[in-house]
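Novice: My structure is below; once you've seen it, I'll send some questions.
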Amino acid sequence: MLMKTTAVHAPASQGTSGIVLDSLRVAYHGNVVLKPLSLTIEPGEVLALIGPSGSGKTTVLRAVAGFVQPAGGRILIGDTDVTHLPPYKRGLAMVVQNYALFPHLKVEDNVAFGLRAQKQPKALINERVTQALKTVGMSDYATRYPHQLSGGQQQRVAIARAIAVRPRVLLLDEPLSALDAQIRHNMVEEIARLHRELPELTILYVTHDQTEALTLADKIGIMKDGSLIAHGETRALYHHPPNRFAAEFLGRANILSAIALGITEVPGLVDVSCGGAVIRAFSQGSHHGYNKLLCIRPQHLSLTPRSAYSNRFNATLQSVHWQGDLTHLLCDVAGETVRMVLTHVNPLPRVGDKLALWFEPDDAVLIEV
């Protein structure tokens, strides 16, 4: 979604501020697009909101920015209730996907725009512009115009303009979606470096790209149909997703039918009947019953055991696809299809071969249907 507004010009701020959404609700013409949502983003934290188109993630960001009036709930930035404050009084800055640079202004003047709107002293403006351009690696381009820059360079300038006003919070609305793959990859690294240099900055990052979220975020929230259906630390959410949608949206996952048999002597692990075998898996919920699912990431499967506690599925190889450093195998496990991704496989197995697929108990997660 392209937006003409580029940034919310923040008043100069000191220290760090988090974001608290308290039962935030948004409706357009009586149609609820964001169901009551409660979420806390800690000071200095990067939270990525991901989800399919129409899931509500951009609505959340626009509500925090002040461009959407909530139908209910509260928005706090730091200790301040900003629910009914105009955007320019919220102490934040925003970067969107279409850069929205002023074409008639040089790079340095684009970066200085928010500071001049604040009527800051000239010496301070020059200092902040110099620092911001240095931070994003654009010092040598200060006197160029936007049309003389690549897409990646323009986005760096947009980020420099946002951080120059020293916001408490930085909002990023799919800032890399208009870039090609290689530039997008480089910009992900640039944003990660930016946060290392500005660790006090709280960032709300909206994206549909799971790689961006996994690379940049301390925590991830997954949206679906106007609701937050999963939220947690990035690694924990990836390795132990709470439900099928989260498992399949955040990376590729094998989802198999399973029956929980009961707890084991190891905290967090349960015995599970799955794939024609009794295995052990991680569980966050109930430990008994039918209608469960087992989630295993393709890269967590191997052709050799990694420990004395490894689980094993017996499988028949259906197809092999070699892709340079990676080999993708499609296997049949008790009538269900299982994908695995391997590195440095030599020799390659052949279609029809009988294989043993090994995986660690903590890499298999029992989830609800």
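Cβ coordinates are placed from backbone N, Cα and C, and glycine is handled just like the others.
Take a look at what Swiss-Prot says about it:
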DOMAIN    19-250  domain 'ABC transporter'
BINDING   Gly51, Pro52, Ser53, Gly54, Ser55, Gly56, Lys57, Thr58  ATP binding site
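Surface or core, plus neighbours and distances: that's what I need for these features.
Specialist: Its own atom aside, the Cβ of Gly54 (ATP binding site) has 13 Cβ atoms within 10 angstroms in the protein chains shown.
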Novice: Please list, in sequence order, every residue of the chain apart from Gly51, Pro52, Ser53, Gly54, Ser55, Gly56, Lys57, Thr58 whose Cβ lies within 8 Å of the Cβ centroid of the ATP site.
Specialist: Thr59, His208, Met223, Lys224
Novice: Counting only residues 6+ away in sequence within the same chain, which have a CB under 8 Å from the CB of Lys57 (ATP binding site)?
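Specialist: Non-local contacts for Lys57 (ATP binding site): Leu49, Ile50, Gly51, Val206, Gly221, Met223.
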